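Some features that Swiss-Prot has for this protein:
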type: COMPBIAS; residues: 71-80; note: compositional bias 'Basic and acidic residues'
type: CARBOHYD; residues: 20; note: N-linked glycosylation site
type: LIPID; residues: 50; note: S-palmitoyl cysteine
type: MOD_RES; residues: 64; note: phosphoserine
type: REGION; residues: 60-80; note: region 'Disordered'
type: SITE; residues: 41; note: site 'Seems to be involved in pH gating'
type: TOPO_DOM; residues: 44-97; note: topological domain 'Intravirion'
type: TRANSMEM; residues: 23-43; note: transmembrane segment
């Protein structure tokens, strides 16, 4: 008899659980792991753009701005932002000359 048929056996015209060993520590641990996995999967699907963009581009440091005038820094920031804003649905690789 498989676990599926054992768990989903009709009891008095209702679907119920016949197994009384649900207080087993292994069952409790498996339930906790399953719930955590579900929560992490939902968060991953909701925020995958932010998460993967941060890992792909956020951990890399940009070029050093030491000794560069503030006006040139601001111009560089605007260029970078415009390049990213072109298509928010896709990542844009920028090669500087």
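Glycine too: its Cβ is placed from the backbone N, Cα and C atoms.
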CB contacts for residue 41 (site 'Seems to be involved in pH gating') [other CB atoms within 10 A, all chains]: 10
Helix, strand and coil totals (DSSP H, G, I; E, B; other) for the compositional bias 'Basic and acidic residues' (71-80): 10 helix, 0 strand, 0 coil
Rounded Cα separation (Å) that holds between residue 50 (S-palmitoyl cysteine) and residue 41 (site 'Seems to be involved in pH gating'): 14
Three-state secondary structure, which DSSP defines for residue 41 (site 'Seems to be involved in pH gating'): helix
Cβ neighbour count (within 10 Å, all chains shown) around residue 50 (S-palmitoyl cysteine): 10
